[in-house]
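Taken from TrEMBL as is:
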DOMAIN    15-68  domain 'Winged helix-turn helix'
DOMAIN    84-224  domain 'Tc1-like transposase DDE'
Amino acid sequence: MLRQSPRQVGYHMSLWTTKLLKHFLYTRCGVEYSRERVRQVLHDLGFRQRRLRHRHLRADPEEQAAFVIDLAILLQDWPEDWALLFVDEATVRRHPTLTARWCLVDDVPEVPTGDDHGKVQVYGAVSPLTGRTHYRIRPTLSQGHFAGFLTQLGRYYRDKQVLIIHDRASHHRGRAVDQAMKEANGRLMLMPQPRYSPEFNPQERIWKELRRAVTHDHWFETQQEEIQAIRNFFCYLAGRKAEIRQLCTVKTPESLVGLL
């Protein structure tokens, strides 16, 4: 029973306590123990308090292989009037991320921080074929904001069919998204990438560069200054499409972008 969480057996909690175990034993088994007695029994049975470990969810190799094959077939005869985009979102928080840097041994710089826990969500898209990037800054992740981003992409590529590959996030579906797709009159197509496969999405590499350029080792006095830095970053990318194409090429056997 202890291999299951309280939530899995009907409680609205995720952590077993002696108080909760006492209640469980009484209501489910008709056994009435004090909390101390519960603790003693657990100890006698070999139970100890231990911090749980994470178990990373793994991608399905067959699902990955099928996706790569499907996209490779599409790209063999890729029409000139089509666009390929990978979309993803990143959370940019007010607290700076700290990294290793060159400094004197006895003079390690300090990065200020504050009590502001604000954050913004950046919706991003990149085309590995052209090196063009797109973005949209919003306060939250929601299907409404994602639908707005789809509308933005549809207006930019008004004369093209657009294949948009995404990571199956919950806000990538819903009525608002369906409405945005309907208003695009079939020009936008959503294609989900394999589950738990961020390495298949080159937009992840754009986020890595964003953090290097904006949030690493730097404190912005206001959130507006941070937002402006994000905008400046994407303006910088706009003039470096060749570099973006190179950045989005991942040379690994499992690579999706290596097929492009």
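Note that Cβ sites are derived from N, Cα and C of the backbone, with glycine treated the same way.
The domain 'Winged helix-turn helix' (15-68): residue composition by secondary structure is 30 helix, 0 strand, 24 coil, according to DSSP. In the domain 'Tc1-like transposase DDE' (84-224), helix, strand and coil residues by DSSP number 44 helix, 37 strand, 60 coil.
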